[in-house]
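The domain 'HTH hxlR-type' annotation in TrEMBL covers A:5-110.
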DNA sequence: CCGAATCCTCTCGGATACTG
DNA sequence: CAGTATCCGAGAGGATTCGG
């Protein structure tokens with residue numbers, strides 16, 4: 001979404017804060033699609049990358065890190081060579097799925 | 001959201017298109033807040049501006065134009081001097097409110 | 001295979017000044 | 001009061017290279 005950000009609203013607009021919180025968490029070019037994709041099942045880095053087939057490795061890493069920081073996804077590194085890394089939704093991340101689905105619904109009808 | 005954009009997914013990922021459509025429509029620093037605000041009632045330009053009290057006139061105009069282009073809001077100009085302009089949700093815009101509310105809910109609990 | 005580090009580009013949004 | 005026109009800076013995201 002263009003940019004969703006860390007805006008501060010004054011006291012009297014406190015009611016919109018929660019909305020902005022969610023906006024900030026979901027802001028990022030690929031995050032919605034990633035959530036959508038991980039909802040199906042746990043996925044490897046390379047699987048996500050090929051699903052979003054226009055994304056660069058660097059960008060994907062950034063998006064995943066941010067989502068991990070926001071506690072939306074879990075990162076598990078297998079102690080293997082070559083490395084294998086799997087990403088899955090946390091319960092917090094999974095709690096965003098209803099929003100994703102509503103958005104998908106809306107987009108279908110539009 | 002940071003940037004929500006006009007990504008093209010290949011055939012096999014067609015299922016995410018609708019999600020991306022919605023993302024594109026909602027992308028923009030102030031759009032969610034504006035939808036939230038206009039849902040209460042029709043508002044004048046200056047009312048919206050003071051609600052989002054950090055926004056500049058130019059930015060507000062841009063956001064509103066985009067939303068108008070996406071047919072989310074309606075713009076009505078009163079033939080007066082000085083000008084008075086009111087913005088309201090279209091039914092299409094109103095159909096986004098459930099999403100907004102879910103997001104607000106989520107932000108409250110987080 | 002996955003990711004860190006750089007560099008680079010481009011777009012969004014803010015600041016400012018000006019108009020009817 | 002509402003809007004347009006310009007200019008500008010910040011930061012998101014892409015490309016590339018290197019490394020474990």
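Quick reminder: no glycine exception, Cβ is built from N, Cα and C everywhere.
No curator has checked TrEMBL annotations; they are predicted automatically.
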For the domain 'HTH hxlR-type' (A:5-110), jot down how many residues DSSP puts in helix, in strand and in coil. 63 helix, 14 strand, 29 coil
Average model confidence [pLDDT] within the domain 'HTH hxlR-type' (A:5-110): 92
